[in-house]
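Participant: This is the structure I have questions about; it appears just below.
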Amino acid sequence: MAYLARCQLSRGLPAISKIVSGSNSRFLVGQKSLQNVVKNYTSLVNNVRKSGVTALRPFAENSQKIGRALVPFANQLRASSTGDHVKLWQMERVVAAAFIVLLPGILIVQNVVLDGLFAALLVMHAHWGLEAVILDYARPAVVGPVLPKILFAALYTMSIVTLAGLLALAYNGPGVGGAVKKFWAIGNK
């Protein structure tokens, strides 16, 4: 961020020096003139802040709106730097890798325990993926504060209903593996 500020300041210095000095001469060159420009610019900014120039009030109001819009991004950055997302990411990878063993397992060995484990891991995997989509594309700064809450409520509802349906299929029906086998057998008859 500091590098970006330095770049923006260095790009704006020729224009600032022209404004501050009020001359139409070429841009100021040299370390001494640069220090004068920064000093003059700083005093100009301080004078504007102290005097409360009315022409700059709309600009100040807009900058406050922009600042309020950037707060969710700052909070998200703060949360991501303090939260322990490494363990969650590792857990997601373990769940995804478990499907390599569980999918053939539920088809070969039709067992209630394997079906229940597969159902729970499938719902967790889908929930985490859709949660990431909502976090990425339905940010409060973009779509407002209400829509993300509705989407998260719908996601939790869908996850609970899906888990209940898969567990009911595992315990009261042919099981998840048996249902997949029956679905595949539809076209063979």
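Using N, Cα and C of the backbone, Cβ positions are placed for all residues, glycine too.
So TrEMBL lists these for the protein:
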BINDING   HIS125  heme b binding site
BINDING   TYR137  ubiquinone binding site
TRANSMEM  94-113  transmembrane segment
TRANSMEM  150-171  transmembrane segment
Participant: Near the transmembrane segment (94-113), which same-chain residues lie under 8 Å Cβ to Cβ, leaving out any that are not at least 6 residues past its ends?
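Facilitator: Sequence-remote neighbours of the transmembrane segment (94-113) are 121-122, 124-125, 128, 170-171, 174-178, 180-181.
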Participant: Using Cβ atoms only, which residues of the same chain lie under 8 Å from HIS125 (heme b binding site) while being at least 6 residues apart in sequence?
Facilitator: GLU92, VAL95, ALA96, PHE99
Participant: For TYR137 (ubiquinone binding site), which of the three DSSP-derived states applies: helix, strand, or coil?
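Facilitator: SS state of TYR137 (ubiquinone binding site) = helix.
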Participant: Tell me which residues of the chain lie with their Cβ under 8 angstroms from that of TYR137 (ubiquinone binding site), as long as they are six or more apart in sequence?
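Facilitator: In sequence order, no residue meets the Cβ cut-off.
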